[in-house]
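Input: a single structure, listed below in structure tokens.
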């Protein structure tokens with residue numbers, strides 16, 4: 001064979017076809033440098049090995065075309081370019097001279113498992129030539145990364161169908177075929193030339209070097225953005241054929257990798273391997289800093305960034321950085337507004353497929369994750385993990401500023417914003433800023449009125465899924481959160497946390513205006529509105545504003561007439577749970593609040609507080625119009641309506657208006673005939689004040705005395721009527737002690 005000239009070598013390097021003598025072209029074909037696999041053999045290759053095989057085969061074919069050795073495109077090349085699997089039928093694999101190989105191996109077995117390593121697939125190739133001039137040889141050797149590489153195939157077991165794995169030495173001088181038994185892990189090395197591991201392939205963009213040319217080609221796609229593998233269904237493109245094949249299974253629904261434990265299917269083999277660690281509990285990746293172990297290496301890498309503080313993913317829109325690529329991708333959808341994943345049940349859209357999957361479990365009621373401690377089930381793994389920390393008390397995330405620990409990293413991140421005061425999320429409607437995106441999303445529902453979460457028991461709708469979960473506990477009366485100190489149970493974790501502080505008496509949040517301390521930061525924020533006069537919650541019906549959201553919710557029930565809390569004794573309904581609790585004491589006769597001065601007992605804490613002012617004569621609330629003082633702010637508000645003439649409470653039956661809600665409630669009983677207040681005798685009353693007056697008949701109590709004749713009466717109205725009998729009518733009766 002004639003030697004390659006310097007010009008020929010340059011043509012090869014520049015990618016131009018290199019025409020060789022006909023004797024050389026006839027001696028080497030694509031079949032001489034290709035390895036065929038059956039479907040069974042192909043299954044034994046992992047994704048990295050398959051991808052490696054594709055790159056090597058395509059590269060070899062490209063070089064054959066470049067030097068003029070291949071004209072027509074083989075079917076295998078078309079399959080590889082389209083991203084399909086290139087295995088062939090058993091009958092299509094030619095039977096070749098493997099007898100010598102079997103004799104050398106000294107073993108005969110039944111099934112074939114191919115272990116193709118990158119080291120073997122990319123071992124150096126030497127093109128022999130007896131008459132090359134030294135200059136051409138040096139140039140050709142400098143460009144060896146452009147030439148096909150040798151293929152070394154390690155066979156773990158021999159095939160039932162003998163494959164022709166011999167390669168013509170005219171083009172590739174040496175092909176290693178070695179037997180590797182799984183029990184011995186030793187290979188029969190038949191190549192006299194050791195594998196070279198110099199990193200000769202260097203990227204011109206970033207300088208990174210690679211041992212193998214195909215690895216450099218894959219790497220360069222990160223700079224060029226080249227994605228040659230395109231999906232015919234959705235036109236999405238990929239840089240690697242293996243990624244295209246996995247993606248196409250999304251369209252076909254093919255999940256060939258099944259879990260033996262639970263039957264769950266997966267698109268990729270590595271996903272199955274990771275999933276199986278849930279059943280085995282295997283966590284092979286351990287953090288050197290804190291000793292925490294993980295089932296996936298990617299999770300360890302992400303976790304280690306907590307210690308290093310590394311945030312390699314930066315948003316070009318707002319400059320915010322993230323430690324995880326998934327969080328970065330999710331964040332970018334905030335700017336684009338992209339929500340590609342849609343629920344077919346309620347048409348709600350999501351930025352992530354995992355969020356859609358978890359949301360769909362709301363419709364199906366599926367709860368696959370069960371707690372072994374208490375038996376409670378959850379529809380998502382993250383919710384289950386958070387719940388499990390309640391039992392273990394684990395709080396691995398600690399704030400560097402104040403030392404407070406949290407069970408979730410997201411809670412730590414949110415907490416740290418209390419130190420920095422950062423509020424990066426602004427509402428476009430009202431301009432209000434929030435520390436967290438989730439808080440902004442919840443706030444936006446106030447403007448839109450969106451309530452996608454509906455209770456199946458009573459039909460009530462909620463803006464947030466968590467609110468629906470909490471509401472359902474009214475029907476189920478579930479109280480899953482129990483205090484370890486006193487055994488008291490609560491429906492909500494926040495209530496338990498608040499209650500536990502009563503044991504420790506911890507009041508960490510202090511008001512800068514008056515020095516009053518609070519257990520919760522939210523309580524401090526509400527208290528501060530007393531000083532600022534801020535009332536951010538407005539009723540759309542009447543325009544009235546409130547300091548607290550809960551007050552607005554309660555107020556709205558006046559307009560809607562909603563009364564969800566019903567008394568089982570008399571059927572009377574209330575718009576607030578606390579009113580029902582107070583009402584039940586009428587039936588039970590419970591008066592848990594006692595005055596320490598005189599021992600008088602009351603059903604309500606507010607009644608006790610009002611009564612105690614009779615001992616101190618404290619009346620801190622003064623009317624600006626007539627300077628009359630009151631012991632309660634509500635009494636002052638009601639009194640001021642005398643001056644303004646305001647009567648905001650209207651009867652839906654007769655349109656009569658009243659200054660106070662209590663008066664409206666009492667008036668409604670005239671229409672319904674309802675008399676819910678009863679005492680020792682069978683007599684019932686429509687108003688609690690009538691009952692109080694009546695009970696004095698049984699007790700013989702007469703507290704109001706006439707100044708003229710010292711006659712005593714049980715009620716103020718009776719005293720007023722009596723005083724009209726005297727020539728000089730007194731204005732006010734005095735209280736007897």
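Placement of Cβ uses the backbone N, Cα and C atoms for every residue, glycine included.
Here Swiss-Prot gives zinc finger for one range in the set 174-196, 565-587: that range is 565-587. Confidence annotation: the zinc finger (229-251) carries a mean pLDDT of 83 in the model. Within the chain carrying the zinc finger (537-559), a Cβ under 8 angstroms from the stretch's Cβ atoms is held by residues 526, 529-530, 575-576, 648-649, 661, all 6 or more beyond its ends.
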